[in-house]
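A.B. asks: I have a structure I would like to understand better, so I am pasting it below and will then ask my questions one at a time.
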Amino acid sequence: MEQFSSSTLLPDTFAGGRGDMTEQFLVIWSQIRAPLIVPLLRVAVFLCLAMSAMLFVERVYMAVVITLVKLFGRKPDKRYKWEPLKDDLELGNSVYPTVLVQIPMYNEKETSRILHRCISSQSELHVGFSWPSDRIIIQVLDDSTDPIIKVIPETPTLMQAFFASSSRQHENPASVSENICQLTLFQYHVSLFGPGTGQNLVEMECQRWASKGINIKYEIRDNRNGYKAGALKEGLKHSYVKQCDYVAIFDADFQPEPDFLWRTIPFLVHNPQLALVQARWKFVNADECLMTRLQEMSLDYHFTVEQEVGSSTYAFFGFNGTAGVWRIAAINEAGGWKDRTTVEDMDLAVRASLKGWKFLYLGSLKVKNELPSTFKAYRYQQHRWSCGPANLFRKMLVEIIRNTKVSLWKKVHVIYSFFFIRKIVAHIVTFVFYCVVLPATVLVPEVQIPKWGAVYVPSIITLLNAVGTPRSLHLLVFWILFENVMSLHRTKATFIGLLEAGRVNEWIVTEKLGDAHKLKSALKAFRRPRFRLGERIHLLELATGGYLFFCGCYDIVFGKNHYFIYLFLQATAFFIMGFGYIGTFVPS
């Protein structure tokens, strides 16, 4: 056995170093560095600089356009005809078009509160400015499957559960606070509907508003095929919809102002080429936590700049899925709602645009809604918003190129600007360049990134993105770090969409906490938070943070570019979000 020495088991290069993994790694690294790593990294740097330049040109172009729009006052009523609808003694209520208001919902938490707020907002659409009640139909599309959310529990059942739990208080003290929470919500239900009878909560809320003279329809399906797109599509098939000319769509957490139809419908009535009027979102919980403030910065740029530029140049902008009014004839001509991707709203908008229809964005009309305030909900939302557009781009690229009804300028805008730059390049370059390639140049000093690509271009892009939310300029550094972390998930989702991989059609409704979180906060003294490790630990973030931290340490010892300042800050952001210390956390 003595003849089998370490030198015979390992190559001479590693003789005597069998236990020294670091030495072995350095030897391998020195052998592949010059012929393989350096050329690949140079190609990666070139591609990232090219993508950064394209994104920079796009941002500067939109900045110039939005500046001109503000200077010359190209308001919507100057680009399209707008006249208020007036009463007519001879025509009566027929002077007002019949409007369908669709409210799709699925397992919405605090259903009674949401419906009470949402439907009351819809009812005010005609009460507030005398829109005739016979010219508006509110359609609640309920795909809910959770019986706890959908049905009011019977009073004896709930009380028995409470007392049974109380009798076991010594076994599980947290159970008392659980039932206090249930009883508090139940008390609110009773205040609206009376004692629970096991009936459908959503349907009872609709009946309550119908008894007040509101023309409201409660529609359910026996399946969830197509998710939101399927619900909206089925909703348009009902016979009473044939009398409607337009359809306004609101998600359950949106609260339109009483003058919403007054300000949108006249554009559609007086401009037959218009298919869509899109309103802006206003976030009621933007100040709930740091994460919601940072979300507000990103979305405000989208609405203030991207949507406004697309509308002002008559090019193209996407429907946001809610807070908009469609011409039903345009929906039908475009082929109706399709569920082939998770961005059914963008799909419909692109198809309608290729048919020659025009869209109008009303930045002055704001609709209140909520931002997701938990990191888990936000990650799911960003996956859908990043994966869906990439997958739609894959499916519609050839169709857009072959289209003959729109100009070459519009096709170039949709393909290059809207899809390629904003939905693909923006995500990929943010993560690959700033979180992978730039740190790698610390380890391979033979590859240099010019200062304009590493500092000047990203700084200008960041400042241009921040103009949408002036009140949050002091949070700019946090926003950069946050967006770089989220670019990891957006890049992954983008490739899933382009390649049609496993989670390409994943649809998870974005959870909005609303007042439920306030109730749980009030019960902090009663309950002991229970944490699940898997809900708080995110391995991808932690691995990326470890890589950036290592590169930062290496830069301190061997580097000359002082990248370690950025690397340590970004690594800290990845670690914080990797351990789940971001957003609002609701204990299980």
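Residue numbering: from 1, along the chain as shown.
Quick reminder: no glycine exception, Cβ is built from N, Cα and C everywhere.
The structure displayed is predicted, hence computed values, not measured ones.
Copied straight from TrEMBL:
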type	residues	note
DOMAIN	246-441	domain 'Glycosyltransferase 2-like'
TRANSMEM	43-72	transmembrane segment
TRANSMEM	424-444	transmembrane segment
TRANSMEM	456-482	transmembrane segment
TRANSMEM	537-557	transmembrane segment
TRANSMEM	563-586	transmembrane segment
A.B. asks: Among 43-72, 456-482, 537-557, 563-586, point out the range having the most Cβ pairs under 8 angstroms from the transmembrane segment (424-444).
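C.D. replies: Stretch with maximum Cβ contacts: 43-72.
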A.B. asks: Mark yes when the transmembrane segment (43-72) and the transmembrane segment (563-586) have three or more Cβ pairs under 8 Å (sequence separation 6 or more) and no when they do not.
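C.D. replies: As far as Cβ distances go (cut-off 8 Å, pairs 6 or more apart), the transmembrane segment (563-586) and the transmembrane segment (43-72) do not touch.
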A.B. asks: So what's near the transmembrane segment (43-72) in sequence-distant terms, Cβ-Cβ under 8 Å and 6+ beyond its ends?
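C.D. replies: Non-local partners: 304-306, 308-309, 312-313, 417, 421-422, 425-426, 428-429, 432-433, 436-437, 440-441, 447, 449-450, 453, 457-458, 460-461, 464-465, 467.
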A.B. asks: Determine the mean pLDDT over the domain 'Glycosyltransferase 2-like' (246-441), rounding to the nearest whole number.
C.D. replies: 95
